[in-house]
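Working notes, structure below.
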Amino acid sequence: MEGPAFSKPLKDKINPWGPLIILGILIRAGVSVQHDSPHQVFNVTWRVTNLMTGQTANATSLLGTMTDAFPKLYFDLCDLIGDDWDETGLGCRTPGGRKRARTFDFYVCPGHTVPTGCGGPREGYCGKWGCETTGQAYWKPSSSWDLISLKRGNTPRNQGPCYDSSVVSSGIQGATPGGRCNPLVLEFTDAGKKASWDGPKVWGLRLYRSTGIDPVTRFSLTRQVLNIGPRLPIGPNPVITGQLPPSRPVQIRLPRPPQPPPPGAASIVPETAPPSQQPGTGDRLLNLVDGAYQALNLTSPDKTQECWLCLVAGPPYYEGVAVLGTYSNHTSAPANCSVASQHKLTLSEVTGQGLCVGAVPKTHQALCNTTQKTSDGSYYLAAPAGTIWACNTGLTPCLSTTVLNLTTDYCVLVELWPKVTYHSPDYVYTQFEPGARFRREPVSLTLALLLGGLTMGGIAAGVGTGTTALVATQQFQQLQAAVHNDLKEVEKSITNLEKSLTSLSEVALQNRRGLDLLFLKEGGLCAALKEECCFYADHTGLVRDSMAKLRERLNQRQKLFESGQGWFEGLFNRSPWFTTLISTIMGPLIVLLLILLFGPCILNRLVQFVKDRISVVQALVLTQQYHQLKPIEYEP
């Protein structure tokens, strides 16, 4: 019976679609690989649905990580029962039915994991005693493995007969909106916080009655995580078109006031200004170097008298400097942490000593000047402006203490600096001097070594001390903006290259499939060539994930950068000609204001002075025309 099955040649048993099926599995696996940062904040929505009626009993949304976004859910028992139940009079259609439901105990049985003998949906997964895992009954049902616990909430003593306040008069004591007098509280257990909520979980609920059949209802609990969808390309491949030379500085012209049209002329719609052109590669590189120079010139003017600033052409292009700073605690996720992201971005070089949080291993304790342990509780640690948390799971602007307490993660507070080296003029001159002279290995000073700690030690410590602090903040923010723009353009370039590679691989796969169809009788292309089959493993999914990670981190840094600006600084960023206009008219306005303030006082002083001098002159004239008589002495 089995002989003929093994008597055929081996190539006849090769499924011609096998390579394509395996290839599709490999590609799908490569694309679906996700490297979630445990500190990433998502918009999580929990939804409790009555499966008997399809209505939503509760929908709660909050911002949090995948580890600590497990709130308490409040809803009413009548949201799960409905107007009518198995028997007449047990529903929540009337106030009496709602009040009667409050007198019964209830128990809940899980439908996501049904033990043997517990039945199915018809029995509410409570086919026998012992299947219940939670509820509110005299025997106190409980479980160590179920995902939730469901108990009754606090019912006011003056609740009354569960009247609906929207139907009856307001004078009836205890009436509530909708007649909701059976509050329930759903909490997640430790097992529920560790479980996978990729799909809905189902439970059955039954009212306990001493006689008769216990009525059944079913509900589901679903978690929905909102995330930013994929970005679809439209138009030609912009990989090469983005490589633009440095643009010439454009002279800013003040806008002219609109001229009124002549009488009888047709109205002309003004043309809109063309959109601003994106900076090219040369502009971005020059902005990085210019921002580095501005920050260095402010902090160390002696070093910028004559120097060379060189942008490193090889990776790593950025480095981190550990700093000490004061983070802020938030009970809920801040706005700059709410952008959804999927993947990790790390730093290959971190120097200095700064603030560390979590369980730092011995190999990285040299980066820590101060190590703080997080206390129990669920809150978020937001990095100060200009800094970011460098964790072993990736870069993030916020930390979740729940993740730190449950894992062995650690984070260091760092500043992000471009890899710009500083050289003295002597070093550059020696590179062009003639003659074979022995040269020492130069000591490369990077921008991180020269300006490390500027955010926390220089600018942040001097905030509010005057004009110097304001100028320092502006120079540092200029460098931050240049770094942000450069990272954004690098992300776009790599994303475009990844798309080109994916398109090329799709063409190759189509050719491979066509050849397999042509050699279908021979068992496929590999069998016809009598060679080992090679399968293409596409790792562009990981590239796409990391680029999405970088894009979202850039958005977070942009929001943090904008939130750190005051109203006065943001006023100058609204329009390109606003700064020039203000600087032009500010001087005359200040002079006019000073004249209006101090002019009357000065004029009064001047008039009084003139009057005094005139009085003195008049007195001198009178004394010259008359002389004083000598007194005559009379003899007695």
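Cβ coordinates are placed from backbone N, Cα and C, and glycine is handled just like the others.
Residues annotated as region 'Disordered' in Swiss-Prot: 254-282.
Per Swiss-Prot, compositional bias 'Pro residues' is recorded for 255-264.
Swiss-Prot lists 307-310 with the feature motif 'CXXC'.
Annotation comment: Swiss-Prot describes 443-463 as region 'Fusion peptide', evidence class similarity to another entry.
Per Swiss-Prot, region 'Immunosuppression' is recorded for 509-525.
For 526-534, the entry in Swiss-Prot reads motif 'CX6CC'. The motif 'CX6CC' (526-534) scores a mean pLDDT of 70 in the predicted structure.
The topological domain 'Cytoplasmic' annotation in Swiss-Prot covers 603-636 and rests on sequence analysis.
Look at Swiss-Prot and you will find 626-629 tagged as motif 'YXXL motif', backed by similarity to another entry.
Across the motif 'CXXC' (307-310), the DSSP tally of helix, strand and coil residues reads 0 helix, 3 strand, 1 coil.
Summarised by DSSP class, the composition of the region 'Immunosuppression' (509-525) is 11 helix, 0 strand, 6 coil.
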